[in-house]
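A.B. asks: Structure in structure tokens, see below.
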Amino acid sequence: MEPLVTWVVPLLFLFLLSRQGAACRTSECCFQDPPYPDADSGSASGPRDLRCYRISSDRYECSWQYEGPTAGVSHFLRCCLSSGRCCYFAAGSATRLQFSDQAGVSVLYTVTLWVESWARNQTEKSPEVTLQLYNSVKYEPPLGDIKVSKLAGQLRMEWETPDNQVGAEVQFRHRTPSSPWKLGDCGPQDDDTESCLCPLEMNVAQEFQLRRRQLGSQGSSWSKWSSPVCVPPENPPQPQVRFSVEQLGQDGRRRLTLKEQPTQLELPEGCQGLAPGTEVTYRLQLHMLSCPCKAKATRTLHLGKMPYLSGAAYNVAVISSNQFGPGLNQTWHIPADTHTEPVALNISVGTNGTTMYWPARAQSMTYCIEWQPVGQDGGLATCSLTAPQDPDPAGMATYSWSRESGAMGQEKCYYITIFASAHPEKLTLWSTVLSTYHFGGNASAAGTPHHVSVKNHSLDSVSVDWAPSLLSTCPGVLKEYVVRCRDEDSKQVSEHPVQPTETQVTLSGLRAGVAYTVQVRADTAWLRGVWSQPQRFSIEVQVSDWLIFFASLGSFLSILLVGVLGYLGLNRAARHLCPPLPTPCASSAIEFPGGKETWQWINPVDFQEEASLQEALVVEMSWDKGERTEPLEKTELPEGAPELALDTELSLEDGDRCKAKM
């Protein structure tokens, strides 16, 4: 048994050695058939982007990318020499392989390289690369800081050339948040500093990557892509923010608050997160419109730092900027705080000028006194800056001016604001001391009420009206009206205060028939006004209405009685002076009995018995319609009366006709 073992073991060892010699070494390119079917499956996935280059004097490297699932994938680097012989390197699951110039691959002559991947029982091939390995140097992408600037509406990128790699061909690719990669060419580079001109977008951010390869070697491999270069849009996005201002505090300051944050810029995938170069900086620029005589009117702050402001008027601008410069601004106007304190400011007007007194804030305070006519544009405001001053013993600060200066010399209403600051050079340290109204010029004379009128109100009162004083147009200046009434007989004077909003008062307790004079003046808190022109009036003595009624009634009854008596007297006189005449038809004297007989007489001698008697004819008249008549009056014919000729025939029908007429 031992002799058999002695012979078998050496033979087995020799057999293994012979088999190892026949097998391909891992460090060499194997010139045998590959251990897989050599046929491209045409799959869309597989190895891509093969690059082969020299990394040292005798060392070379090939690398590639694989797209698709990597589990169970084996990679083989294939190489065909110019003679037509082909070999392969087994790389396993790695995508990078190194070999020396002794691996059986010609490095001084042109060779063709590609990658075959065996996966899922199929073969996937990469595109072929033909090159001379010794001259194919591995170029690095742009390293370090890539400077980005704007040149003639284009984007210019500049970087330092990697060491020992002068002379390169450079490409770039770029994309936006909503677009895929786009390839561009930078052209040949042959200097220690390389640059590239790229398109610049106006309103969207871009991501750029650069790669390099040896100039003049078309078969050489490209370097890997550089790190992302994030470029902001040419125009920074305009901020859409909103501010609010709090109420003015006791310290004369109010807080400016940002209500809405600016919108964030949309970035491509490779620039999301901390992407230097795409930052948009928002700054807050304050412009204090009030107190134009101060040394500094503007200040720029970071948007995140909200300042405290005085009660002055401001323009607040939000400035957006990126590495290309500032963009469009958005400006808001913050109006001045109009809260007034009419009792906080004392004004003394004298022959030498005017002096203001107000409560001092602190030691060494600089005050800015600003005034402007009410109703005018704020740009017409005038101001005066005082030197730093300490409070007087009464704790007051003062400011004086002469009449020659013309300050507030016109007779009109002025709005006065006083600001204070211990550091006037710092715009955000101003505070409002007070705001009030003041009537300039000769307020006593200018405020005198005009058009004073007096109207009767009752038997012992009158209503006094007047036009509003000019002081009433100045809020808080007019304290009250005073109406003075003077009794011209007793020389007694009474004064009546009236609210500044009223222009009418009723004076009562007056006596009829007495002369009075009335005057009106307008007073301020620090000055008495001038009396208006006196208006004279009196209340007439009034007669009782009942007395007038009874007097009128007596007159009426007297006239009525006289009329009745006169009428009766005239009636009686008319009966005596003008008695009524008889009515023939109403008298029975003309009625004759016996039918239609005619009586004629011409001369009394025809009736001797009548003529001798010489009796008077008596005619009786009856007022009744019946046969009975009563004599009312008797008329006697005197002697010597003319003869009565009765040549009329009266019949019964004629008598009836007369009765009918009656």
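Placed from the backbone N, Cα and C atoms, the Cβ positions cover glycine too.
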A.B. asks: According to Swiss-Prot, the disulfide involving C52 connects it to which residue among C30, C62?
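C.D. replies: Swiss-Prot annotates a disulfide bond between C52 and C62.
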A.B. asks: Can you dig out which of the ranges 127-131, 222-226, 602-606 Swiss-Prot describes as motif 'WSXWS motif'?
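C.D. replies: From Swiss-Prot, the annotated motif 'WSXWS motif' range turns out to be 222-226.
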A.B. asks: My understanding is the cutoff is Cβ-Cβ under 8 Å with a sequence separation of 6 or more in the same chain; which residues meet that for C62 (disulfide bond)?
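C.D. replies: When sequence neighbours closer than 6 are ignored, C62 (disulfide bond) has L50, R51, C52, Y53, L77, R96, L97, L113, V115 within Cβ distance under 8 Å.
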A.B. asks: Quick one: give me the count of other CB atoms within 10 A of the CB of C52 (disulfide bond).
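C.D. replies: Excluding its own Cβ, the number within 10 Å is 24.
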A.B. asks: Averaged over the motif 'WSXWS motif' (222-226), what pLDDT does the prediction give?
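C.D. replies: On average, pLDDT over the motif 'WSXWS motif' (222-226) sits at 88.
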A.B. asks: How many helix, strand and coil residues does the domain 'Fibronectin type-III 3' (237-337) contain under DSSP?
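C.D. replies: In the domain 'Fibronectin type-III 3' (237-337), the DSSP-based counts are 3 helix, 45 strand, 53 coil.
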